[in-house]
Amino acid sequence: MEAVKRWQSDWRYPTTLLCIYGFFSTVKPLEPFLIPYMTGPDKNLTTEQVNSQIFPVWTYSYLSVLVPVFLLTDWLRYKPVVVFQCVMLFITTALLLWTESVPAMQAMQFFYGVVTASEVAYFSYIYSVVDLKRYRKATSYSRSVQLLGYTVGSVLGQLLVSFSLMSYSNILVFTLVLTAIALLTSCFLPMPQQSMFFHRRHTGQTTATEGTKSNGDGTVDATEHTSGSKISLEEVRDEKVDKSREIEEDAVKGQEEKVAEDFKRSAGAESCGQVLLQLWRDFRQCYSSRQLLYWSVWWAMATCGYNQTVNYVQVLWEHVQPSQNFSIYNGGVEAVSNLLSAATAYGIGFTEVRWEQWGELALGGFSGLGAAALFLMTFIGNIWVCYTGYVIFKCLYMLLITIAMYQIAADLSMERYALVFGANTFGALALQTIITSVVVDSRGLGLTIIPQEHCDLEPLSAGQGMAEK
């Protein structure tokens, strides 16, 4: 039992559970074949419906729920939102399996937007239960295990589809089982004791609960006075000791209740207006650092370009080679990209590089390579060039985003990391929403996939220019 208690108190215990959750929640064998599944006989949807009516809902829902989920994550102290994320993932998969109409698929995309918005809880949780010196390893583990899950899912999907071992529907049923395992694992995560704003550790909280002796508002004097009175009464008459003790205990108890009431009132006030004020103050303090601002602007722009690319890359693959069934290789391409991305993310945890010195050069150089890969994907028009460019682009993004996560987590406290992560993601989603509504949505320009990819290059290139300044 002692060994179990020591293991549960060690940083490896929550990290291991979170990694198990991250693995099973990201094993999605059907994801590389989502476009063939939705446009095939199972759903009978057109590519235009998927591209212009269904996929944009994910971007809009992601943006709309990100801030509420972020505040809810802090108020509930991370773990409940992690469990909630898995429930929403289960609902998303169920809708994809058992519904067919465009409105139902739009609802599915809405729930998936909630899932992706809840990732703020997944990446913030680990920083609330581990020490600062463990941030780099915890970041690399949690990021790489997710990518490993995507890799296993892609390989599994490729094998199941290539050898016709399972139909698309049965693959989704299998995904529901994996999601249930992730949900069970999330329930065993230890509950963090504090969070960013709603459950901060107060200096007066301990004194309020322990008694009035250590309070600085006159309680010490009152206690000492009653103690002195008790001693004098004992010297005069023993039979009055019990009565004096009762009076003393009633006075101290009343004072403790008053202090506790005052503390509750102050905590309640802080959970409303003062929390928002404190959030704004911390936001300004975080972004007053130029170095942090560089990383954050790159994060927002690159994440916007990455999300758009990943969201529509299968449409591009179908466009490049419409007459040949190259979609059977989608799982293998996703597997290779996720495996290499996981290796790069994991390797960051063991590299001793002064990113504060070389970070801007890395941002500029690798972002330029990623933009070049996207240009080749759209201009060459060869499916194998598209596959190769996608693998390079994804690996470079995962390398840089892991560095950015670690850099911010190392420079800031846990709660400020969560704040910056949420703000950066919100910036990325705001930019992505603008691009989607203007370029992709059928109510906007409704462009085809090639012009869309050209528009998606701009955020990444802008991030490169920012880093090189």
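Each residue, glycine too, has its Cβ placed from N, Cα and C.
Those TrEMBL annotations? Automatic predictions, nothing curated.
Here is what TrEMBL says about this protein:
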- 12-35: transmembrane segment (TRANSMEM)
- 55-73: transmembrane segment (TRANSMEM)
- 80-98: transmembrane segment (TRANSMEM)
- 110-127: transmembrane segment (TRANSMEM)
- 147-165: transmembrane segment (TRANSMEM)
- 171-191: transmembrane segment (TRANSMEM)
- 205-224: region 'Disordered' (REGION)
- 205-217: compositional bias 'Polar residues' (COMPBIAS)
- 361-385: transmembrane segment (TRANSMEM)
- 391-410: transmembrane segment (TRANSMEM)
- 417-440: transmembrane segment (TRANSMEM)
Positions on the same chain near the transmembrane segment (55-73), where near means CB under 8 A and six or more residues out:
81, 106, 109-114, 116-118, 120-121, 124, 195, 307, 311-312, 418, 422, 425-426, 429-430, 432-433, 436-437, 440-441
Could you tell me what the rest of the chain brings near the transmembrane segment (171-191), counting residues at least six beyond its ends with Cβ under 8 Å?
8, 13-14, 17-18, 20-21, 23-25, 27-30, 77, 79, 82-83, 86-87, 89-90, 93-94, 96-97, 125, 129, 157, 160-161
Could you pull out which residues elsewhere in the chain have a CB under 8 Å from any CB of the transmembrane segment (391-410), counting only those six or more residues past its ends?
123, 127, 132, 135-136, 139-140, 143, 147, 292, 295-296, 298-299, 302-303, 306, 309-310, 333, 336-338, 340-342, 344-345, 348, 355-356, 359, 362-363, 366-367, 369-370, 373-374, 377, 417, 420-421
Go through the chain and flag residues at least 6 beyond the ends of the transmembrane segment (110-127) whose CB is under 8 A from any CB in it; none is fine as an answer.
14-15, 18, 21-22, 57-62, 64-66, 69-70, 73, 78-79, 81-82, 84-85, 88-89, 91-92, 95, 135, 138-139, 142, 189, 192, 405, 409, 414, 417-418, 421-422, 425
Against the transmembrane segment (12-35), which of these stretches has the most C-beta pairs under 8 Å: 80-98, 147-165, 417-440?
147-165
